[in-house]
Amino acid sequence: MKMTSLLAPVKLDDEMDESYGYKDHVDDEGETRQKKSDKHGRLIRSIARLDEPKLSQKKITRSEPGKIIDDQALSTGGLRPVSVGALLRKSDSSASDAAIKRKIGAGTRSKVLAQPLRQTEARKAQRAVAYEEVSKDLKKWDPIVKSNRVAEGMSFPLDQTKLHIQTTSEYVKRYQTKTELEQQIEALVGASKSNLTKTTILTEAEKEALQAMSVQEADFRRQELAKARALLSYKEQKQKWQSKIKSKNYHRHLRRGKRKEEEKNFEELQKTNPDAALEQLERLDQKRLEERHTLKHRNMGKWARHTASRAKTDKNAREALQDQLRISRKLTEKLKSNDTDEDEEEDMDDMDEVVRAAEDTINNEAKSNPWMMARAEELDEERKGDLGDIDEAFEKLEAEEEQMDVRRRSRKESCSYMRVRAEAARKPKKTEQKQPKPLANRSRPQKKPQRHSESDDDSDWVADAEGETELVSGGEMIADTRNVTNAQTATPKGVSAPHQKNAKQSVHDTDIDPRDVIKKVDRTDARQVGIDGDGQDEDSDEEQRNLIAEAFADDNVVEEFKREKEEVAEVQKPKDIDLSLPGWGEWTGAGTSKQSLKNKRKKFTVKAPKSKARKDKFLPGVIISERHDEKIVPHQIKELPFPFTTVAQLQSTIRTPIGKTWNTEAAFDELTMPKYTTKMGAIIEPLKAKNVFKRQKRKKSEGFVEDEEISALAKSEVVQAGRNRRGKKLKSEILV
Amino acid sequence: MKVKVLSRNPDQYLRETKRDIPKIPRNYDPVQHPFEAAREYVRAVNTAKLDRLFAKPFIGSLDGHREGVQTLLCHPQSLSTLISGSYDGEIRLWSLTERKCLKAVQAHRGMVRSLCFNVTGSHLFSVGDDQNINQWNIDNFDEPVSTIPSKSSLFAIDHHYNEAKFATGGEAVEIWDEDRSHPIRSFSWGADSIQALKFNRVETNILASCAADRSIVLHDIRQAEPLRKVVLKMRSNALCWNPMEAFLFTVANEDYNCYSFDMRKLGTPVMVYMDHVSAVLDLDYSPTGREFVTASYDKTIRIFPADKGRSREIYHTKRMQRVTTVKYSRDDKYVVSGSDEMNIRLWKAHASQKLGYLEPRESAASRYNEKLKDKYGHHPQVKRILRHRHLPKHVYNAKKQNDESRFSQKRKEGNRRAHSKPGAVPFVPERKKVTLQEQE
């Protein structure tokens with residue numbers, strides 16, 4: 001009521017009242033004019049009007065709005081009050097309104113207000129409401145209290161001022177460029193397009209490059225570069241390998257090749273530039289003279305003598321000697337002599353002489369020594385054999401040379417690198433007595449050797465081998481590797497699919513254990529038999545067996561118990577305790593023996609006391625545990641303490657040590673973090689609602705910011721992986 | 001003669017610079033340490049022993065009062081300032097660092113009942129048996145700044161935590177404005193004297209009071225009426241709110257126990273703290289809210305963890321008589337007690353803790369020791385040492401007697417239960433027996 005009267009301008013109210021009054025008046029006048037004759041009626045009406053408030057009476061009105069509004073001062077203005085009933089009548093009498101009508105009707109009917117509560121009751125109600133309100137308000141503290149109770153490593157006082165550590169950029173900001181040079185440099189550096197800023201991921205230059213090049217082009221270029229790099233690395237590696245080859249044979253060939261090339265060059269030089277050729281010739285002559293003068297390559301040097309002593313047993317040494325001699329011969333030869341073949345022969349003779357001289361000395365010694373007489377004879381025979389061997393070796397050498405030539409030729413002929421296996425095939429042909437290598441060691445597909453062993457036909461095997469040439473990209477060999485698995489992993493992409501399949505097959509073949517195969521076969525056979533023929537019989541047999549087993553299931557209880565008892569006895573029997581620790585009571589280094597270790601173990605072993613007879617020894621149906629140890633009892637926990645729910649939990653906590661002796665520094669810090677810490681002299685203020693709830697809000701908002709950062713970082717990582725480490729860290733934090 | 005010595009190469013254990021990764025001259029493989037649990041157990045036992053060995057909680061006493069100390073008060077901002085009021089109406093200002101009385105004033109005729117500081121700590125309010133509320137300036141202690149005579153005797157006073165209002169307890173709880181000489185509000189519920197009252201430190205408008213009719217009444221100074229009342233079996237002597245948990249408060253009761261209540265559920269206490277053998281006269285929470293200290297008529301002080309029913313520490317001396325008042329220092333490190341025999345005593349809150357600066361390795365060792373005590377605290381040998389305290393004879397005997405009587409009560413109840421109809425003697429948990437009635 002008060003509100004409405006306040007809101008509505010009072011003057012307007014007044015006007016309305018007046019107009020209404022006027023209207024009423026006019027109506028009355030009209031009536032009198034119409035019914036002038038009816039005096040009686042007028043009289044009655046006038047009498048009746050005496051009861052009504054007089055219109056002419058001055059009403060109390062207010063023309064100015066004021067703060068204090070008196071209910072008494074508000075006039076009704078002679079209006080007929082609008083009754084609720086009239087309003088209800090106006091509204092449609094729908095079913096939904098019925099309830100309202102009933103309610104209002106009831107409200108209007110009761111005229112007497114309810115009696116106010118007694119003061120005590122009213123106060124009680126007031127108290128109850130207030131208490132509920134306060135209790136509800138206190139609920140906001142629940143989560144905070146809960147988290148504080150659980151929190152680890154709280155540090156009081158809670159609202160500590162945060163110390164700010166100056167970042168590098170902040171520190172740098174304090175300094176400004178001063179000299180002109182510095183400014184120029186800065187301008188130059190700043191203008192550079194390849195500056196990386198914190199906000200952007202790519203530099204200007206990088207961006208431009210990216211824009212300038214299409215993706216395909218860039219990819220193509222990258223591939224090209226990669227290819228070039230790969231080729232370079234292959235080459236490098238090859239050279240490295242070559243430089244590390246120790247084979248004298250190989251080096252000899254290399255040298256020979258070089259010599260030949262030199263000769264060729266020399267011939268060419270003679271044709272093109274005779275003066276230069278002459279100079280070279282002179283140089284060679286000079287060398288020869290020096291050699292003749294110094295006798296460097298004779299067999300008198302320390303090395304030569306040493307090698308000569310070894311020449312008897314070592315083929316390589318012999319060859320080295322031979323080489324040496326050949327060089328010396330060549331260098332010291334008279335200029336006239338041209339016949340190299342003869343030279344070679346002489347070489348041989350010379351070498352033989354050296355070898356023989358060495359052997360003779362040994363022989364003579366042996367012969368002079370009566371204990372070595374028999375040995376000397378043997379040696380003679382050996383020498384004969386050796387000479388034969390040497391011949392053989394020379395033959396071999398020749399053959400190899402031939403092979404090399406063939407290979408070289410074939411390579412030149414075929415641009416795709418083909419490896420001819422014919423040479424490999426030739427070997428068994430040449431040394432027919434020799435068996436082919438054991439099958440397991442061969443990495444070639446296993447089928448062929450198997451077939452070979454079956455047919456036992458050499459020619460067949462050779463033909464097969466000759467027929468097989470392998471196409472390899474980049475001149476790499478696959479099948480020659482010993483290890484099958486290696487071969488599989490090392491197989492280059494160029495190898496055709498069927499070949500790979502073949503290799504796989506071979507793996508399977510090699511893995512098969514013959515015994516296993518037999519077993520498997522047996523089983524399958526049996527199954528087949530079962531399925532085919534006597535399946536039903538077998539089933540019924542099994543059923544029968546099961547039935548019997550069920551029927552006599554408990555038959556072995558006594559036996560089992562006995563066994564169990566024995567087991568328990570065995571477990572509980574005191575045993576020797578070996579307390580020796582690695583490193584304790586031990587000397588290390590050279591000269592220590594295992595004997596001392598053994599002694600140590602003996603020393604540190606606590607022998608088990610002689611066990612008394614078990615209490616249940618003569619009680620057949622009883623197992624009495626003898627685990628109870630009097631000494632440990634006072635140290636044992638009797639009841640599971642509060643926070644633990646299982647014994648295993650307690651055990652695990654006890655078992656994990658927290659000391660520095662067994663943990664790293666960081667782990668130690670974490671493990672020994674106290675529940676809360678206080679600072680000496682720092683006043684701890686009680687919780688403040690303002691701070692606590694503000695902090696929570698801040699945390700929430702910070703979390704949101706972090707999320708955004710992360711998404712941005714994730715995007716950037718797609719563009720350039722791994723540049724931003726912080727992003728990863730954040731991500732991991734979120735994951736945690 | 002060659003002398004063999006063990007020598008180590010510093011390269012193997014020293015870092016070149018401080019920023020290097022620390023070298024680990026140790027193998028952490030558990031296989032190499034088969035006795036780790038056993039070794040740690042021994043360490044725990046040793047720690048427990050050393051803990052007891054170093055337990056020297058008593059720091060010193062402040063003497064000067066010519067009557068028993070009735071009330072103590074710590075300054076809200078200055079850790080070294082302590083105020084005490086005694087039976088003879090004297091208020092003294094102490095410097096704890098110097099252990100000296102800085103000022104002594106005859107403040108009231110009769111006993112000084114209670115003291116409180118204003119928000120900033122510049123002024124002190126005191127109530128005494130002469131029915132006056134005196135306001136003092138800390139810097140100029142000679143004369144009270146103002147004196148407000150009350151109509152009835154006052155027993156307790158406490159200041160609002162962050163507004164210029166204070167509350168007094170006497171015939172009714174009255175809320176005062178600092179600048180007015182008449183209370184701005186008065187709460188009464190039943191006609192009895194209020195013995196103690198305390199403002200909540202977190203929800204600062206809530207106030208709790210203990211009345212002599214064994215009741216605890218909660219108020220909200222914004223409301224016209226008190227909030228709720230709970231009546232216990234016996235009278236509560238003192239009350240303290242938990243400074244970290246807005247809805248928890250603890251009362252020190254005549255029945256030797258303390259009770260923690262959640263103000264939203266006054267029907268049963270959250271926790272019952274037993275150990276004293278006589279009426280508990282005063283208590284104060286540590287500012288961390290994790291522990292509280294109690295003063296008892298049995299001449300001892302005890303420190304209780306807030307979440308455990310038994311005390312972790314008992315302090316007593318031969319000469320200390322009935323302890324009337326006790327306070328926790330605001331940095332959680334000290335406890336101050338005032339007792340009947342005119343002395344104020346200063347104690348360490350953690351008996352064996354080293355005071356002063358700790359080297360990093362020292363603090364690491366102490367942290368490790370604390371954890372070891374936690375970890376092996378359940379083992380009987382460790383537990384025995386950690387729990388062992390010397391008790392004065394009267395406490396020891398009283399404890400025995402109390403235990404006995406409690407046991408006999410239990411037994412009797414058990415017997416009654418056994419010999420009556422099932423369900424006729426229901427099992428009532430100890431907590432439920434505390435409160436008689438919760439009134440709205």
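Note that Cβ sites are derived from N, Cα and C of the backbone, with glycine treated the same way.
Where the annotation comes from TrEMBL, it is an automatic prediction and has not been curated.
As written in TrEMBL, here are the features:
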type	residues	note
COMPBIAS	B:400-416	compositional bias 'Basic and acidic residues'
COMPBIAS	B:429-440	compositional bias 'Basic and acidic residues'
DOMAIN	B:349-434	domain 'Sof1-like protein'
REGION	B:400-440	region 'Disordered'
REPEAT	B:62-104	repeat 'WD'
REPEAT	B:105-146	repeat 'WD'
REPEAT	B:273-314	repeat 'WD'
REPEAT	B:316-357	repeat 'WD'
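Using a Cβ-Cβ cut-off under 8 Å and counting only residues 6 or more beyond its ends in the same chain, the compositional bias 'Basic and acidic residues' (B:400-416) has close neighbours at 256, 277, 425. For the repeat 'WD' (B:62-104), the residues of the chain that approach it from at least six positions outside its boundaries are 110-117, 119-121, 124, 126, 128-130, 136, 138, 141, 321-322, 324-327, 329-331, 334, 336-346, judged by C-beta separation under 8 angstroms. Secondary structure of the repeat 'WD' (B:273-314) per DSSP, as helix, strand and coil residue counts: 0 helix, 22 strand, 20 coil.
Across the repeat 'WD' (B:105-146), the prediction's mean pLDDT works out to 94.
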